[in-house]
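Record features (TrEMBL):
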- 6-26: transmembrane segment (TRANSMEM)
- 33-49: transmembrane segment (TRANSMEM)
- 55-78: transmembrane segment (TRANSMEM)
- 182-211: transmembrane segment (TRANSMEM)
- 216-300: domain 'Wax synthase' (DOMAIN)
- 264-282: transmembrane segment (TRANSMEM)
- 294-315: transmembrane segment (TRANSMEM)
- 327-348: transmembrane segment (TRANSMEM)
Amino acid sequence: MADERHPFSYPLHSLLPVLLLVSITIRPAPYRRLLFLPIFSIAYYLVYHTTTGEIISNLSIGASIPPIVATALDYILLTDPQTELFQKGQTTPQASFPDLKSRLKWSLSLLTSQRGIGWTHEPPNLPPYTTPTSRWCFVVNRIVQSAAMFILWDAAATYTRYRPSFYIDGPEETTFLGKCAFVWGWAVPAVAALTMNHALFSAVMVALGIWDVQTWRPLYGSWLDAYTIRRFWSLTWHQLLRKNITTPGDRLVSRLSLPKNSILASYIRLYIAFFISGWVHHSSDYMVLGYHGGALKFFMSQALCITVESAVIALGRRLGFTGSPNFWRIVGYIWVQSWFAMCLPMYINPQNRAGVSEAGVNSGIIEGLWKWWITTWQ
């Protein structure tokens with residue numbers, strides 16, 4: 001079937017962050033909420049009715065638009081940033097800043113701190129601060145880290161080039177071990193690429209003196225903490241969207257006058273957060289696929305899994321299950337691996353059938369060196 005979507009509009013795309021920045025920089029007013037409408041309308045049109053005609057461009061651009069809508073939902077409709085959000089050490093609200101320049105600088109700082117680092121809404125579970133070091137030692141360290149991540153990405157990408165399940169016409173994995181390999185074949189390049197970009201960006205920002213060393217914290221938490229699904233998402237995985245996807249649940253709990261620490265309140269927040277995260281990734285998927293993929297089902301299944309997992313853990317404690325903590329951690333690691341082997345294919349297989357892996361992974365350095373070595377020594 002021919003793709004009937006319109007050509008992608010880059011001017012409209014560039015307008016989205018401008019509108020979002022304006023909405024936060026202007027002084028609080030009732031009409032400020034009206035700015036959400038053009039942001040949502042433009043984003044909806046671009047994601048669901050346009051295409052760049054190139055799958056990797058669709059993937060990268062599609063991943064950039066829905067988070068803007070999630071941020072706008074939070075900062076325009078649900079939160080008054082100018083009066084409710086504060087940088088650490090800030091004593092007066094942004095609305096009281098006397099000039100446009102200071103409000104603009106504050107707004108840019110808010111929008112570029114997706115994890116809330118340096119703000120009073122900073123999540124408590126972020127990885128610890130970088131060990132104190134000199135500016136240039138930090139820059140060199142991050143450059144070395146980015147090089148290591150590139151090598152890891154290239155090695156994993158080389159593996160996927162020889163795995164039929166990552167190709168358009170390739171078969172889906174059917175065995176348990178095959179699905180486990182599929183998870184690692186997708187996750188390692190994804191994590192390595194994000195970590196590499198984060199390391200390079202932090203090196204540039206610190207080298208230019210725009211931000212100091214202590215502003216930067218690791219993008220991912222410890223992988224040793226990922227022995228339950230809840231811990232994987234709350235401690236190990238990046239928290240780039242945490243503020244924006246948790247605010248709607250917090251607001252609903254408050255509107256219902258539920259105790260903040262009640263079980264019902266915690267699960268309302270859990271399901272709403274995963275629904276919004278699922279919608280963000282689902283919308284990104286749509287721009288790539290041109291149809292509804294498996295992202296929303298995947299993310300909602302995480303909330304359901306955490307619900308069951310928490311009940312099983314609570315039951316085990318009530319029944320008196322004891323033993324070595326290390327033993328239960330090993331059981332947990334096996335459980336987490338098994339869970340993602342079961343559920344990740346519903347999210348990634350449609351992308352592979354659309355050609356995302358084939359288009360995004362070309363012949364790399366490791367493969368080139370291997371072929372050179374084979375040719376030289378034959």
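Using the three backbone atoms N, Cα and C, a Cβ is placed for every residue, glycine included.
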For the transmembrane segment (264-282), distant same-chain residues with Cβ under 8 A (at least six beyond the ends): 66-67, 69-70, 241, 244-246, 248-250, 252-253, 256, 258, 292-293, 295-300, 302-303, 306-307, 347
The transmembrane segment (182-211) vs the transmembrane segment (6-26): 3 or more CB pairs under 8 Å: no
Close approaches to the transmembrane segment (294-315) from elsewhere in its chain (Cβ under 8 angstroms; 6 or more beyond its ends): 228-230, 233, 267, 270-271, 273-275, 277-279, 281-282, 284-285, 339, 343-344, 346-347, 349-350
PLDDT averaged over the residues of the domain 'Wax synthase' (216-300): 93
Long-range Cβ neighbours of the transmembrane segment (6-26) (under 8 Å; 6 or more residues past either end): 32, 35-36, 38-39, 42-43, 45-46, 49-53, 57, 61, 65, 68, 71-72, 75-76, 81-82, 100, 103-104, 107-108, 110-111
